[in-house]
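Visitor: Would you mind keeping the following structure in view while I ask a few things?
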Amino acid sequence: MGDSIWYCYWPEGIKTPPSWKSTTILTDFMLPAYLVQLVVVIVTIQTVEFLLKPLHQPRIVAEILSGVLLGPSVLGYFFPNVHRLPPEQNYFILSTVGNFALLFYVFMVGLELDVNALRELRKKALTLAVAGMALPFVVSSAATYLLDLHSLLSRKTVKPVVFYIFFGITVSISGFPVLARMITELKLLNSSVGPVAMASSIISSMLSFMLLAICLAFGVRLDQEASLEAAVWAILSSAGFLIGCFFVVRPAVRWMLGRRAEGDERGSEMEMGVLLAGAAAAGFIADVIGMNWVFGAFAYGLAIPNGPLATALIQRLELFMVHLMMPLFFFCSGLVANLQTILSPPGAIRLVAVFAVTVLVKVLGTVLAAYRYSIPLHESLTLGFLAIAKGPLHLIILKVGKDAKIVLNDFFTVMTVASALATAVVAPLVTWTYKPTRPLIGHRRRQLERSRPDAELRMVACVHSTRHVHSITRLLDFSNPTKRSPIFVCALHLVELTGRASAMLIMHHGAGADQNRGDKAHPHGQAQSESIIAAFHSYEQHAAGVSIQTLTAFSSPNTMHEDVCSLAEERRASLIVLPFHKHPTADGQLVEGSPNVRTVNQNILSDPPCSVALFVDRSPGGARRFCAHHSVAAFFFSGPDDREALAYAARMAEHPAVNLTVVRFVEGATSLSTTPLHDSSEEETLERDAQRMRDDEMLNEFRLRFVSNETVLYTEKVVSNSEDTVAVVRSMEAVYDLYVVGRGRRVASPLTAGLEEWTECPELGPIGDLLISPDFRALVSVLVVQQHAGNGTATDRAEPPQPVFQNFQ
């Protein structure tokens, strides 16, 4: 039988009989054994992943390490009876399920990959990918020849040249699915190195697959004739398969989608079944013609056109296949890595030494290629360190070599462990080397209070869903955009990044006129993004004085605020507009929305680069256009937030269809004087007096500016405590459509002190929270404004800041 492994099983031993009818051990039956192993594997992976989370390690490291822990290397060392059989026999079903998941995983990778997305960075990414592959490939191939590693690491029947090429591929490939998740967790999504590293990793992986397919086509064993006829047949059959995928399958799928009736869910279920069956058929056909079945499934997925069907298919596969089944493949890869029976010491030392040298050469090659494009040294090193990360495709290639009997199990063991270690050190190295080369540059007009009345208003408007588009456009209508006083809006659609690493091939895409460009990389939120883009584009065409740039950012909720703040700095925005995390129902009542929206809002409000406005919109979601007349009320107590709110309300007052009422709350004779949040010092007393002086100055300027405007009304209300304040506010609850208020930080007033104790949403401030509370009978919209805490005196640079979001443009 040679090196073949034969598995024998008892047909009646698949399912266990009831426990009260049998005295046998449950795990002696195949199904109970598989279920027990599955539970143990999942629990182990989750535990190891939790322990490695503070080290920013990718999930694949936890999955491989779990296999090593439960394999003969650790568990088998302390409990030899557990691994009486080899891992392939002990976990035969798990391994089979893992290979089954592998086919659909590579199918999903191809399905999600948008090759067109590489166009913007193709030259730079291609140079980095080729340099990062060519040098380590040449060095490793030369080292294996000089050190005679072929005789130690490969079977005697394998052609030496095949082993040299295979070894070169395994050490030079970059694992882009894992790299995508690492870039996100290391907060490099919006950096200058993140998109370049992703694109070069994709190209590296594709080149490696192509090179390995060609290598296998010429035959592996010495007894296989490397005739020109056989090689030509292998290449032609592979080319024919690819032609069939892209020129037969792709048009056929488009034809099928074109015949699909709108809303035909039964049809879509059938179509998804056809596509899934096609993935299995593609793997089978590729294996029959001499290609590896992994390549067949990948090419088939790459040929499927993007669209709602592909999006739905990925969403169906993701949870079960990627998060439950695919970890079994990586687990089994670590499981068969038996460190006890590793190569002889000379062979192991030589292999590790060559691997380490090729890693350094890969970093060097990437740095040299980056130097050609004048990339700073620390960014070049960051690109080099990111390039050494290995991932699922690396393990897939190792498995292909193992199944093709190119390498021994010991080679597989060393390379699996070495690759996991190389991936584990990437995060610490990147954290140590990467420093942004373009720090955020301050600009003068971070506050509306300091802006000229006719100056351009630059804002970043955050959108999480289509319902927020109506809110933003309604606020823009209130804001009186004109050609004399225009508004530039950077509308940022924030999409939560899912746990699927391979979905992060393109982190951001511009939202210009190219709306129809396929985005297979991010199926989640794709249809919603297209709807948002179309809505803003339509509004921009019909509104005068408004310029809108629509962008989409894919990131985790923990880093979304960094994306927003970085973009606000880059676009030199004076205001960030945030949607409230609660949304109105049909009757206008507010209900809880996504908790992540509130988290993002709170993070932005805690340390913003400019002023922030939180908009609670309870208007009907019908027509967007501004019509009739609207009444706006601005409440003024004291402090910088109220002055910022008044500055925004003054812009609204210029609108011919807006009637603005400014209400200043004045402390009565029985009121305690305004006090700070803690015991006053002389410095704080002087600051408080200065704030009062600025309040008076701004109000006097406002009254003088609008003294002849009949649509603007200024009034003062004398109150002594928070009860009087609530009474005054409630007396106006059914009069106005929109209330503009300050958040009320830094200076505590006795006029709102009692309200702060009952505030449910601190991000709205005491007055904003009161206006949306159930006790306030009128269903009104509220704009809560927070002024930037800086002094706003930073000097503008002569040169505009270089964009941080290069992929946004």
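In case you wondered, yes, glycine gets a Cβ from its N, Cα and C as well.
Note: TrEMBL annotation is automatic and uncurated.
Just so it is clear, the model here is predicted, and its values are computed rather than measured.
According to TrEMBL, the feature domain 'Cation/H+ exchanger transmembrane' maps to 44-431. The domain 'Cation/H(+) antiporter central' annotation in TrEMBL covers 488-628. Taken from TrEMBL, the feature domain 'Cation/H(+) antiporter C-terminal' covers 631-790. Look at TrEMBL and you will find 29-48, 60-79, 91-113, 125-147, 162-184, 196-219, 231-253, 274-300, 320-339, 351-371, 383-400, 412-434 tagged as transmembrane segment.
Thinking about packing and proximity, how do these listed features fit into the structure?
Guide: Tertiary neighbourhood of the transmembrane segment (125-147): same-chain residues 118, 153, 160, 163-165, 167-169, 171-174, 196, 199-204, 207-208, 350, 354, 357-359, 361-362, 364-366, 368-370, 372-373, 383-384, 387, selected by CB-CB distance under 8 Å and a gap of 6+ residues from either end.
Within the same chain, residues 102-104, 106-107, 109-110, 209, 212-213, 216-217, 234, 237-238, 240-242, 245, 249, 253, 256, 309, 313, 396, 400, 404 sit at least 6 positions outside the transmembrane segment (274-300) and bring their C-beta atoms closer than 8 Å to a C-beta of that stretch.
Same-chain residues lying 6 or more positions outside the transmembrane segment (320-339) and placing a CB less than 8 Å from one of its CB atoms are 38, 41-42, 45, 59-60, 63-68, 70-73, 76, 87-88, 91, 94-95, 97-102, 104-105, 108, 392, 395, 398-399, 409, 412-413, 416-417, 420, 499-500.
Outside the transmembrane segment (351-371), and at least 6 residues removed from its termini, the chain residues within Cβ reach (under 8 Å) are 127-128, 130-136, 139-140, 143-144, 147, 149, 152-153, 171-172, 200, 343, 377, 379-381, 383-385, 387-388, 411, 414-415, 418, 422.
Sequence-distant contacts of the transmembrane segment (383-400) (same chain, six or more residues past either end, CB-CB distance under 8 Å): 58, 60, 64, 102, 105-106, 109, 128, 132, 169-170, 173-179, 182-183, 193, 196-197, 200-201, 204-205, 208-209, 212, 216, 292, 294, 326, 329-330, 333, 359, 362-367, 370, 375, 407, 412, 415-416, 419-420, 422-423, 426, 429-430, 433, 501.
Only residues 6 or more beyond the boundaries of the transmembrane segment (412-434), in the same chain, are considered here, and those with a CB under 8 A from a CB of the stretch are 55-58, 60-61, 64-65, 68, 170, 175, 178, 182, 185-186, 188, 191, 193, 333-334, 336-339, 342-343, 348, 351-352, 355, 359, 378-379, 381-382, 385-386, 388-391, 394-395, 398, 401-402.
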Visitor: Could you please provide the mean pLDDT value for the domain 'Cation/H(+) antiporter C-terminal' (631-790)?
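Guide: It averages 82.
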Visitor: Same chain, outside the transmembrane segment (231-253) by at least 6, Cβ under 8 Å from its Cβ: which residues?
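Guide: 213-214, 217-218, 275, 278, 282, 285-286, 289-291, 296, 299-300, 302-305.
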